[in-house]
Each structure stands twice: as C-alpha cells, then as structure tokens.
Amino acid sequence: MKEKIIDGKLVASKIKAKITAEINNIKMNNYRTPKLCVIQVGNNVASSTYIKNKKIACEKVGILFSLLKYPATITEKELIEHIMTLNNDPDVDGILVQLPLPDHIDTNKIIDAIDVLKDVDGFSSHVLGNLMINKTKVVPATPKGIMSLFNYYNIDLVGQHVVIVGRSNIVGKPLANLTINAHATVTVCHSKTNNLSYYTKQADILVMAVGKPKMLTKEMIKENVIIIDVGTNRDKNNKLCGDVYFDDVYSKVKMISPVPGGVGPMTIASLLENIMHLYELHNK
Ligand code: GUN
C-alpha cells in the first residue's frame with residue numbers, strides 16, 4: 001500500500017543530496033560559498049522553530065547561514081536600513097524576513113525592500129508578478145515543493161481539475177498560478193466558500209492549505225483523488241497532523257502526501273534550491 005504515499009521526505013533528501021554535491025564542488029574550487037541571511041523581528045516561538053530548521057538544513061548541505069535578530073519595537077525605517085545593508089553585501093545570496101512581523105510594520109513594504117535578486121522566499125510583488133507570467137525560477141518554497149512532488153511522481157496536470165483550498169499569498173495564490181501555467185483547470189476555495197464539499201468532490205487533485213486539523217473527510221472527496229496536505233497542525237493529543245483526516249480518506253484516494261513527511265520537508269529543500277538559484281545568478 002506504500003505506493004499510495006507521496007513521500008516528501010524521500011524527494012527532499014534527493015534534492016538536498018544534489019545541493020550538497022554542488023556545494024562540495026564549489027568549496028573544492030575555492031569559490032565563494034552561498035549564504036542565506038534570515039531576519040527575525042521579536043521572539044515568536046513558532047518563528048524560532050522554523051528558523052532553527054532552516055539553519056540546520058543550510059548547515060547540513062554546506063550553505064552559510066546568518067541570523068539577525070531585532071526587537072519587536074524596531075521601526076520600519078530601521079528594518080529597511082538593515083535590509084539595505086544586506087542588499088549591498090556581495091557575500092549574501094538570499095535574504096529571508098521571517099513572517100509574521102509585528103503589527104506596526106507594513107509587511108509588503110519590508111518584503112519589497114529586499115533586492116529582487118536576493119528575494120529567496122519569492123514573496124515580493126516583482127517575483128510574484130513574474131510567476132504569474134511564467135517568467136521566474138525563484139518560486140515561493142511551499143508551492144515550489146508541491147510542483148516538485150508532482151514532477152517526481154509523474155503526476156500530469158494537463159487538463160486535470162486542481163482544487164486548492166486556501167488562498168494565502170504564500171501557498172494558495174502562487175500555487176494557483178503554477179498549476180494554471182502547467183495547464184490544469186484550477187479552482188481556489190477559501191474560508192468564505194459556500195458548500196466547500198461541492199468543490200472538493202470535483203477535484204482530480206486536491207490541495208488542502210487551511211490550517212484546520214483533519215477537516216477533510218472521505219465524504220468530501222471523489223474516488224481516486226490525489227491529495228496534497230499542506231496543513232501543519234496539532235490534534236487533540238498534541239500529535240502533528242494535517243488538514244486531512246488521513247486514516248479516513250486513505251482507502252479512497254489514489255495518492256496522498258502525509259503529515260509529517262510530505263510537504264514540510266519539500267518546503268525546506270525548495271528554499272535551498274532557491275538559494276542555489278540566486279547564487280548562480282550572482283555569479284553570472
Ligand atoms: N512564516 C511562515 N512561513 C514562512 C516562510 O516560508 N517564509 C517566511 N519568511 N516566513 C514564514
């Protein structure tokens with residue numbers, strides 16, 4: 001039954017092995033090593049965990065990692081000045097401002113202050129605009145990772161009905177553009193969608209990115225659907241779980257990405273790919 005599982009951990013390990021080999025080659029030739037700088041504002045616990053995971057992943061493959069921490073009271077102007085310093089530092093390939101930022105800071109303004117060629121998250125209006133017209137290689141990490149899973153498992157999107165539940169700027173919206181560019185027919189649902197099941201039942205490929213533990217049950221899907229679960233939640237027993245009630249839907253699906261071990265590892269691997277892509281652009 002294992003062949004039903006979309007194994008993000010496996011695909012991510014292959015991507016990371018390839019990057020490790022590339023970095024070894026860079027180091028053997030005494031070239032400059034790729035470097036990621038992460039900016040953290042305040043002390044959000046979840047953010048600290050995400051950042052720690054990014055640090056571990058960078059260090060494992062040999063990418064330099066630097067964390068710049070600022071107090072939650074920092075002004076927008078000060079934060080932009082720090083970003084400008086990194087924009088002008090030739091040793092820095094990628095700048096990542098960990099979100100969310102405190103309420104007094106305009107997130108879009110901060111992201112758009114990052115040099116387009118260092119926007120490793122791909123969250124700036126410039127990069128997202130390019131993604132819409134199919135013109136960029138830096139793609140937000142989670143949707144990029146999902147596209148890599150489709151590619152690895154030879155899941156052809158042409159003419160397929162992809163239903164995405166979730167419309168965030170980080171996942172739902174960019175993924176809608178990527179799947180449209182891959183010739184799927186795309187429906188985007190969200191928290192205000194009336195009669196959600198009407199749409200999820202029509203999906204050939206269903207992407208759940210809402211953040212509600214185990215909300216998708218077998219009554220909401222058709223037989224042989226392919227499910228990608230982006231949710232990272234805790235269930236009643238504090239166990240990690242997705243937006244999909246995995247045990248309930250499993251017998252009905254064609255394939256499914258589990259939580260943990262599905263999209264999560266792919267997000268990190270895709271971030272590493274983005275750093276490498278920006279590094280290549282800087283060395284051209
Ligand atoms: N907060 C939650 N996910 C992300 C991410 O992928 N990038 C950044 N910068 N912040 C986040």
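Backbone N, Cα and C define each Cβ position, glycine as well.
Just so you know, TrEMBL annotations are computer predictions that nobody has curated.
Owing to the predicted nature of the structure, the values given are computational and were not obtained by experimental measurement.
The domain 'Tetrahydrofolate dehydrogenase/cyclohydrolase catalytic' (6-121) scores a mean pLDDT of 98 in the predicted structure. Taken from TrEMBL, the feature domain 'Tetrahydrofolate dehydrogenase/cyclohydrolase catalytic' applies to 6-121.
Look at TrEMBL and you will find 140-281 tagged as domain 'Tetrahydrofolate dehydrogenase/cyclohydrolase NAD(P)-binding'. Secondary structure by DSSP for the domain 'Tetrahydrofolate dehydrogenase/cyclohydrolase NAD(P)-binding' (140-281): 56 helix, 26 strand, 60 coil.
Look at TrEMBL and you will find G166, R167, S168, T232 tagged as NADP(+) binding site.
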Residues near T232 (NADP(+) binding site) in space but at least six apart in sequence (CB under 8 A): G211, L240, G242, V259, G264
